[in-house]
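For reference, the structure is listed below as structure tokens.
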Amino acid sequence: MSNSSEIREPRMVVRKFLAKPQREGVGAVVRRSIGRFELKYFDPFLVLDEFSVSAPGGFPDHPHRGFETVTYMLQGEVTHEDFEGHKGTIRAGDLQWMTAGKGIVHSEMPSEQGTQKGLQLWINLSSKNKMIDPRYQELQSKDIVTVAKDGIEVRVIAGEALGSQSPVYTRTPTMYLDFTLKQGAHLQQSIPRTWNSFVYVIEGEGVFGNSKASLVSAHNLLLLGSGDGLEVWNQSVNPLRFILVGGEPLGEPVAQYGPFVMNTQEEIDQTFYDYQNSVNGFEKAKFWKSQSLSDLEM
């Protein structure tokens, strides 16, 4: 998938945003790039947060409906638990791909001292998938497909790169690749032509789209234009690390209120009713409280 012959029309950077820190949850700091007022939606992506959280802060009990959350830890670890009794710890390099579907109530809290850092991406679901049963796909760091070639290392979270494929099933077709380029490396990665795609730089600085473009550094989101792939160069001494994410646009209306994402305002009203009355997917919300919240209240 890295042959230059496969990329006939490289995608260029059409918009660039620096994600600035803001408060979210309880004592957490997020750098939100997608989902802020200048970029409410980049079909099918609703939110991209680079989060940083230390105990006792975090993201206590809260609901979701109508989309997926993808949590990818960069540093430290977060404990997750939901009202179905599903719980576990997401450690550095681990992935949790959660399909909220018709409803999840869960908490995400730091499970060790120090600062926990990661990325959380919200992917919209089509109208036919919004009310499916919730499901999880979880991969430990050691189980994420990792390939290295010509100064390029990629962790294939979803989709395919350098001839290797992720086992993750994406209900909304999605690619999610974590690249690290050494000095002098040149990447050519194909992207399905009809998909929307973006880059988020985690560390270092690189040149994206056009070899004569200016350097882009950490915490910048790059929206890519049309084409069949992306070219990236690392011309600096330090490693360049970024995620490349692409997805098939749904082309459907979006009605969103916080953690609820549907197609119409009527469906949002119905979701509020369901959540407040603990029905239609939220039955267990009535009596459930996370262990972390119970501990805080003691």
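Any Cβ shown, glycine's included, is placed from N, Cα and C.
Whatever TrEMBL says is automated annotation, not expert-curated.
Given the structure is predicted, the values throughout are model-derived calculations rather than measurements.
Copied from TrEMBL, the annotated features are:
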BINDING   HIS62, HIS64, HIS106, GLU108  Fe cation binding site
DOMAIN    30-123  domain 'Pirin N-terminal'
DOMAIN    176-279  domain 'Pirin C-terminal'
Confidence over the domain 'Pirin C-terminal' (176-279), expressed as mean pLDDT on the 0 to 100 scale, is 98
Across all chains shown, how many C-beta atoms besides its own are within 10 angstroms of the C-beta of GLU108 (Fe cation binding site)?
29
So, by DSSP, how many helix, strand and coil residues make up the domain 'Pirin N-terminal' (30-123)?
0 helix, 67 strand, 27 coil
How many other Cβ atoms are found within 10 Å of the Cβ atom of HIS62 (Fe cation binding site), counting all protein chains shown?
14
Residues in the domain 'Pirin C-terminal' (176-279) per DSSP class, helix first, strand next, coil last, are 12 helix, 49 strand, 43 coil
